[in-house]
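The structure appears right after this line, and notes come after that.
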Amino acid sequence: MIGKLQKWEDSKRDHCNKTVEIYEDVSSPPVTPENFGRPLTCTYRFRAFRGSPKDWILRIRFKKFKVGTLINGTTCHKGYMQIVDGNAKTDVSNRKEPGLFCGEIEQPQTFISETNFVKIVFHADNFTDQTYFSFDSRAEQQFEVYLRYGQHPELYPNRRGEVVAGSYCERVFRDCRLQTCYVQSAAYPGVYPRNLHCRYHLNTRLPYIKLYIENEEFNIDGQRCENIMTCPMRPITSGSENCPYDYIRIYDGKDESASVIGTFCGMGKFPYSIVGTSQDLFVEFVSSPAGPLLNTGFHFNVGNWPGHVEAPGSKIGNCDWLLTADSLKKSGDTEGIFLSVAHWYPPHTSCTYLMQGFPGQVVRLYFPSFRINRIESPIVPWTGDCGESLTLYDAARPDDAKIIKTFCDTFSRPMEKHDFVSTGNAMFVRFESKTGSYSGSSLYYWAHYDFFNNTRFGEPVSGTACDEVIASWKQRAGRLRSPLNTLVYKQAPPGEDVHCLYRFVTDKRIFARVIVTILSVNFKEHPYTPVSCQNCYEDRADKLIIWEPFPTGRAANLSLGMTTTPLPLHLAVQRSIGSCLCAKHANTVTRSRPYRVVSSGESLNLQLIVDNAHAAASYFKNPSPLFEARYEFVHGPLCGPAVLAAASDGEIVYPHLEALGYTEPPKRIQCIWDLEIEEKRDIWLHFDSIKFASRHCDDGNIQIYLPGRIEPYLSVCGENVSLARELPILSAGELGFESLDDPLVMEKEKTRSIRIVFIGSASPARAAFKIAWTGLYHLPKNSDGTLMTSRLTDSGSYAPDGHNCDFICPGEEALCIPAKLICNGVVNCPNVTSGERRYWTAEEKRAREAYSEDSLRRLGYLDALTGELGKLHDEAPELCTGAHMAGSGDWMAPALGAALAIAISVCALGAAWRLCCRKRSPDEESLDY
């Protein structure tokens, strides 16, 4: 008996509690009657390498293993194995809580130590032939384990992280870049130990930190035993409820207090990588206290995912941004950028971007790069449409009535380099995901945004890019320039030029005319095919055209007829009515020499036309205006009619008293009268009365412009009112067409007109005047200047140009007027004498007197005439009184009635004048006739 016991002890010593030589095969003790059914504990230590460095590790291969039974994945029943990796002298060790392996393997499994010291303990509560194990071992230098340390490990000594002192598998990774940080389970690529609680602190220099796990082998609690019938393989799953034993948990931050991205276990190739929202991730790896000798853990790289751009704005919460024009301006950039969500996000995530401009701005958003993929790394599966979407709103908040565009992952096509433009100063973008994602959005986009000043000078026209209506009832005067919003130069449809129409409109009850003054033009030459702009309209050049949609006056009536239909641009140009400016006028139209256009009626159009072939290249985001102008609505109701048609005589009376009952005079007023004149007629302008409030020209200034002249022919105000006493006759030569040579004006049938401008105080009491004019005719003359006596003495009366030259005015100029101007209450004949005294020959005098007598006899004036013919003017009492007495008495009664009515009217008018006029100050200057 003693011999058998000794033999059993020797056998146990041979197989248990021994120091194992490297490369030695070790197996469990044989089953003998002495040990059968008895408790058995065997301890194996591997011989240390004397004098060898610490960078050796042990590779232990378990060829057979069946010890105990795993209960509920947490307890080993009736047996276990412990693997102690390291001791008190090594850098790391799990000797305090090594955990337990139990169960059975059918294929060899390998454990690769972290240190050069390993101890293995086998224990069976009831040793039988159903408990066995067998392993061998060999020593390797650490860097020879390629799957653990990778290529060139000497260059990256901390590739596996810096070990936290006193721990077995807690490691810190700093400034990770791809292939410089290997995050691995303990003992990788071998079976990982039990009862682990490993912590990995991961960091990159820049966001977003990324775990490159996609397509990497992953085996954490993939099997609880090798029998696939009893223990089917667990696919990679997520969620704490699905991973009760061994798992890896990833936090979006520096420690356990951060948000949990996911908890994973199972085996297979990991389907996706994981991207954090910052520079840090925290990974926790836990293995149960007891488990099978099967699972090999994990390995992945850490790097920086280049999807982070710091938007010039403020972040609100986790995923909402406020991107303002002020923030963009302070950043010094002209465009802001934001990217699609490139990191993980939970299900039902909503990320928003509010782009808020200054008042009067619009927002442009475009995508230089846009791809739509299927949802590749969902946290929650989704089988319906639009699992992820991106919606653009033309508003400062999500409003379904103002959706510009929605992109979905299932059916939308990306729109790259397309401008989405808001109508107001805000655009709202919302990304929504029903599934969540571990590695970023399925909608990958690179978004640029900027802000454009969309301030208008008038009322925008709906449905157009830049048309405006500038109405006098909105603003009386203002400035104007090419569109501040330069987006218009790149939004024209293909093949169409950029057209911006500015319509100036008024009502004669407010103002009767529009003045547009062009201060500068700054068109660029075509960068590819320069255009000479010889013909402003017909050449394909950038241009500015000004025309009247409702032209008035004689020329307009002759060419267009009376119409209430607006004249379109092409007809205005076809009929050459208007003005055109292009690049060649850049030096001739300046602020010091502006170009001024005064409408003849209540509307004026100004159209900017830019060649679409180079509009975007030349003018988009170009701060310089293509043109600058100012406008003013003038000629209010107090001015009376603006255009006075050509006639033999007429008058301008200011103020127009009929308007006093329905208009309130403004502080200042400007009246512009156009007096149309007939060809080959002299004009005599004369002031019947004139009154200024003071000697200051600001209180009232009358300027007279001859056709085609820029400088005034005469300027009269309080300080030089005496100039109005005697005005010279304006000859037909001074009023001729030869002065109308403005190259900007396209009118073929240019109506000659004298322009009279009054600028001053609007109060009717501060200035008042009456200007009368008469169209004068000439007696026929020979080429040498002598009278054509033969025509004057012919039978019948001389009728130049279809008008009767019925009354010869006194003086030496041989001027005459028609019969209707004789004795009409206004002196129409100027009594002028030429500077060079004219001596009439006897024949000329006889012819003139004979013609005058014949004309007056025919008109019924000669019989009652008592004075000398050559010295009487058309309102001489002896002429007019005689004519009245010579006539029949049949008209005396109506004449008396008319006189009485006129007297009553004059009295009423005088009363009204006294009511609305103040007492004249001593400073007032007047000239009454």
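Backbone N, Cα and C atoms are what each Cβ position is placed from, and that goes for glycine too.
Whatever TrEMBL says is automated annotation, not expert-curated.
Sequence annotations record features per position, and here TrEMBL assigns domain 'CUB' to 16-140 (among others). The average pLDDT for the domain 'CUB' (16-140) in the predicted structure is 91.
If you look up TrEMBL, you'll see 169-305 (among others) marked as domain 'CUB'.
Residues annotated as domain 'CUB' in TrEMBL: 319-448 (among others).
Residues annotated as domain 'CUB' in TrEMBL: 639-776 (among others). The DSSP breakdown of the domain 'CUB' (639-776) into helical (H, G, I), extended (E, B) and coil residues amounts to 19 helix, 59 strand, 60 coil.
Look at TrEMBL and you will find 891-913 tagged as transmembrane segment.
Applying DSSP to the domain 'CUB' (16-140) sorts its residues as follows: 0 helix, 62 strand, 63 coil. The recorded stretches the domain 'CUB' (319-448) and the domain 'CUB' (639-776) do not share 3+ CB pairs below 8 A when only pairs 6 or more apart in sequence are counted, and are therefore not in contact. For the domain 'CUB' (169-305), the DSSP-based tally of helix, strand and coil residues reads 3 helix, 59 strand, 75 coil. According to DSSP, the domain 'CUB' (319-448) comprises 10 helix, 59 strand, 61 coil.
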